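**Q** Quick one: the structure is below, and I'll ask about it shortly.
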Amino acid sequence: MIIVGDIGNTETKICLVNSKNIIIKRVILLTKKINHSSLNKSLLGLNLKNKSINKCLFCSVVPKKFNAVKIFFKKVYKIKCHELKKLNLNKLIKIKVNYKQIGSDRLANAISIINNKDNFIILDFGTATTFDVLIKNTYHGGVIAPGVKLSLDTLTDKASQIPKINLKKTNRVIGLNTISAVRAGFFWGYEGLIDNIVNLIKKETKMSFKIIITGGFSGLFKNSIKTKVTLNKDITIKGLIRATTLIK
């Protein structure tokens, strides 16, 4: 069995994967709360002490928290954890930019779906909204825009008369009150941002792409984006599973 994990700015996912590369158990915890105690409590259900773990691989955009995870697994379970960007990724994917400046999760996403025939744009609704461009088997860079939830939380925190709201689809553009106006602004604003950036990428590269979407708000925008898209919620984890072949 193997362990793979995605340490994001907001959430951390840790998955137990069997020999057929199927996720059999997963835990999710808040990244900011990661410490020895929270990891010990969260991972009890995985029953790791009674399992043979061959490999452990994480992608992390929060180095301090990965270090805490690494120390925990080594101390409690005698398991050595690797970080994705420390592996020789050139065996799986060609990277045209300075990979040290690419989020580890974005590289995992790319590794998950890359092949020698298709071009992809991966749209990830995380703390930031990111677009990653893959042409054949090469990562060509991407776009980073403000995240939906981060932007919404910032607005409601800074504007005293705008209440906390749950973002959901709306058919109206013109809001009839504060809440519906904010919902319209975010829903149609991000829908326009997404379509525009995808079209600009196509124009700049003069190529066609398959669009993969993932992350927290992917379900909300799946049917409103004008371009045909495929939803892949576990793309990051699947990329990590694929990358474990690099661990000897």
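Yeah, the Cβs are placed from backbone N, Cα and C, and that goes for glycine too.
Features from Swiss-Prot:
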type     : residues                                 : note
BINDING  : D6, I7, G8, N9, T10, E11, T12, K13, T127 : ATP binding site
BINDING  : G103, S104, D105, R106, T178             : substrate binding site
ACT_SITE : D105                                     : active site, proton acceptor
BINDING  : D124                                     : K(+) binding site
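Mind running through what each feature is packed against?
**A** Taking the Cβ of T12 (ATP binding site) as reference, residues of its chain lying under 8 Å away and at least six apart in sequence are, in sequence order, G5, D6, I28, L29, L30, T31, I34, K65, V69.
If you take the C-beta of R106 (substrate binding site) and look for same-chain residues 6 or more apart in sequence within under 8 angstroms, you find I122, D124, T130, D132, G142. R106 (substrate binding site) carries a helical DSSP state (H, G or I).
Sequence-distant neighbours of D105 (substrate binding site) (same chain, 6+ residues apart, CB-CB distance under 8 A): D6, G8, C59, V61, D124, G126, T236.
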**Q** So if I draw a 10 Å sphere around the Cβ of G8 (ATP binding site), how many other Cβ atoms end up inside it?
**A** 22
**Q** Using a 10 Å radius around each Cβ and all protein chains in view, which of these binding-site residues has the most neighbours: T10, S104, T127, T178?
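**A** Result of the Cβ crowding comparison: S104.
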**Q** List the Cα distance (Å, whole number) between G103 (substrate binding site) and T10 (ATP binding site).
**A** 14
